[in-house]
Structure formats: structure tokens, C-alpha cells
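A.B. asks: Would you mind keeping the following structure in view while I ask a few things?
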Amino acid sequence: MYSLLRPLLFRLDAEKAHSLTLSLLHYLPGFYFRKMAGQPVHAMGLVFPHQVGLAAGLDKNGEHLDALAKLGFSFIELGTVTPKGQTGNPKPRLFRIAEANAIINRMGFNNSGVDVLVENVKSANYKGILGINIGKNKETNLNQAADDYLYCFRKVYDHASYVTINISSPNTPDLRQLQQGDYFAELLAQLQKEQIKLADQYGRHVPLVVKVSPDETDETLKQMTDIILQYGIEGIIATNTTCSREMVKNLPCSEEQGGLSGRPLMELSTRCLRLLKQYVGNDVTLIGVGGIDSLESAKDKINAGASLLQVYSGLVYKGPELIHDIVSGLNAV
């Protein structure tokens, strides 16, 4: 069905097509949806039905949680959400590079605020594994950034299976500086301290996950993993989008500012994943994302060290059948 809809959707502005597709999910007939039977994965104290989940960014406010759940994901990650709602960057801010199965976005953490997301999650019927991705508001300076993350962490704790700290988006000014040295260590120290309090308050432990950039040096990644191990962070998502344009040079829209995702990100993000595996071994769960649009690319992520996978851009180009193709293919291995 998606193969019939895609040419029509691709005639629309990318952000309008994105919104329309999410709306249409609510009206698809029941036979279109399926439950995937895969190989369970035990990670971060959770049992994932299979390896393929949805990356953050598709449903920022949790408005489409039940509809997305019917596509067969093992887990769904919502967000990025910030303490206060914000409009994000001016439009247009989402661009397809169809020739390369790629997307450039400079959305800028547009969302309705953490309170709206929590209410949407509470009203949904979804009972599966739920990640919630948290960030800081644009106007919050770096010295106060930890306050934004702590605020969101407290708000979402009782509604999340795990919480992702997004400090790697290229579309919020200076955000990636939070991956550096003292900023990073102080942020994780405060979140770990709060995690202990919240676990006692709610009677359950919710793992923290860090989403990293593919554009950092090997040395920076090593420093980050040392801090991640020091503070008992249980997962790393590798990776966010890249600022590099080497893989799409001279293609339409390639000069647009923002983060590049999709097939051209595959090699860079997988290299990062492989390095992270060397640095953390089996002490931290690695979630591979970036360029997965086939069974082959999914296998490459797993071979590089990923225990779990997330898709987003591949879903835009291949449709929900991508989930089935990967899960059934991995089952056959």
C-alpha cells in the first residue's frame, strides 16, 4: 500500500507529507497492521520483543502512539521533548534527497512541551516499551541546560521504559557542546543522582540512554564513553544526524543546513557504533540507527555491535514493510 502512496506523498512538501502520513495511520484498515514475532532481546533490564524500534523525531508529542504501535515496532521512542513548547526553526526545515534515500532536517526541537507529551502518553492504550527523548529549550543557556533535562526527566520518569538524553542534535545552537568534558560529566552526574531518587519514589528503575553525534572525533567518543561508564548509563544510541555533506555533494538540497540522515549516514554512523563497541564492550547496550533501510544494513549494524536497531528515514523511503523485512530476515539467520 505504501508503494502506491509514496509517489503522491513525495509531491508534497516534506513536512506536510510527514504530518499527512501520521494522520493517515489512524485510518488504515486493521488488516494492514501486524504483530511481529521476532527474537526477544534482553537489554537494560527490559525485554524487547525483537530488535527493530522507531527512532525519535517521527512523533514528537506522542499524538500517534497507538497508530504507530500497530506497525509492529519492538519499541517506540517519542520526542525530542523540552520543558516548554517551542515552534522550532522557520519553515521550510525538512528536505528530501530522494536520489540518495536521504533527508536533511533543521526542525529545532519543535514540540508542544513535556506536559502535553505526558498527557498524550497517559491517554494512549500502548503498553509496549516506550522511550522518551528529552532535550533543552533553545533559549536555555548551557550553564542551565541540566535544569531542563532534570525537569523533563522528572516529568516523564513514571511513563517511560527508558529515557534518552539528546545532546547531539545539530539544530539547536551549541547543544553539541554538552557532549564535551565538564558539561557532559556534570549533566550525567546530576541525572544519575536524580535517577536514584526517582527510582525510590516510583519503585522502579528507568534506564538512561545517551544519543551521540557521528561527527565527534575518536578521542571525544572515548572521553564520552569513559564518563558514560563512570555514571552507569545503560545505553547509547549511535547515532544522531550528521553535518557532513561529503556523501551527497552536488545533489539537490544538499546545501541546506541541518542534520543529514538516511542511507548516506550509514557508513559514518556504523563506524561510530563499531568504535563505541570497542570502548564499552558489553557494559552498555548499543542501539544502532542511521541509514538502516534494508535487511543488509540492519545486519551491518548488528555486526558492528548493536543489540537493538531504530529506523526513521528508511521508513520514509521504504514504508512499514521495512520493519517486517528486517525482523523476518533476522529470524531466518
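Using the three backbone atoms N, Cα and C, a Cβ is placed for every residue, glycine included.
According to Swiss-Prot, the record shows the following:
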| type | residues | note |
| --- | --- | --- |
| BINDING | ALA56, GLY57, LEU58, ASP59, LYS60, THR80, ASN133, ASN166, LYS211, THR239, GLY262, GLY291, TYR312, SER313 | FMN binding site |
| BINDING | LYS60, ASN105, ARG106, MET107, GLY108, PHE109, ASN166, ASN171, ASN240, THR241 | substrate binding site |
| ACT_SITE | SER169 | active site, nucleophile |
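Just tell me what is around each of these and how deep it sits.
C.D. replies: Within the same chain, residues at least 6 positions away in sequence whose Cβ sits under 8 Å from that of LEU58 (FMN binding site) are HIS18, LEU22, HIS64, LEU68, TYR312, LEU315.
Listed in sequence order, GLN86, GLY88, ASN89, ARG93, LYS138, ASN171, THR172 are the same-chain residues at least 6 apart in sequence whose CB falls under 8 Å from the CB of GLY108 (substrate binding site). GLY108 (substrate binding site) carries neither a helix nor a strand DSSP state and counts as coil.
Listed in sequence order, THR80, PHE109, GLY135, LEU175, ARG176, ASN240, THR241, GLY259 are the same-chain residues at least 6 apart in sequence whose CB falls under 8 Å from the CB of SER169 (active site, nucleophile). For the recorded site, SER169 (active site, nucleophile), the DSSP three-state label reads coil.
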A.B. asks: Around GLY262 (FMN binding site), which residues of its chain at least 6 apart sit with Cβ under 8 Å of its Cβ?
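C.D. replies: Listed in sequence order: ILE97, ALA100, ASN101, ALA102, ILE103, GLY291, ASP293, SER313, GLY314, VAL316, TYR317.
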A.B. asks: Using only the Cα atoms of LYS60, ASN105, ARG106, MET107, GLY108, PHE109, ASN166, ASN171, ASN240, THR241, which the record gives as binding substrate, return the largest interatomic distance in Å, rounded to a whole number.
C.D. replies: 16
A.B. asks: Around the substrate site formed by LYS60, ASN105, ARG106, MET107, GLY108, PHE109, ASN166, ASN171, ASN240, THR241, which additional residues qualify by having Cβ within 8 Å of the site's Cβ center?
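C.D. replies: Everything else in range on the chain: GLY57, THR80, GLY88, SER169, PRO170, THR172, GLY258, GLY259.
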A.B. asks: Using Cβ atoms only, which residues of the same chain lie under 8 Å from ASN166 (substrate binding site) while being at least 6 residues apart in sequence?
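C.D. replies: When sequence neighbours closer than 6 are ignored, ASN166 (substrate binding site) has ALA56, GLY79, THR80, ASN133, ILE134, GLY135, LEU175, LYS211, ASN240 within Cβ distance under 8 Å.
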A.B. asks: Far apart in sequence but close in space: which same-chain residues, 6 or more away, have a Cβ under 8 Å from LYS60 (FMN binding site)?
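C.D. replies: When sequence neighbours closer than 6 are ignored, LYS60 (FMN binding site) has LEU78, GLY79, THR80, VAL81, ASN110, ASN111, SER112, LEU117 within Cβ distance under 8 Å.
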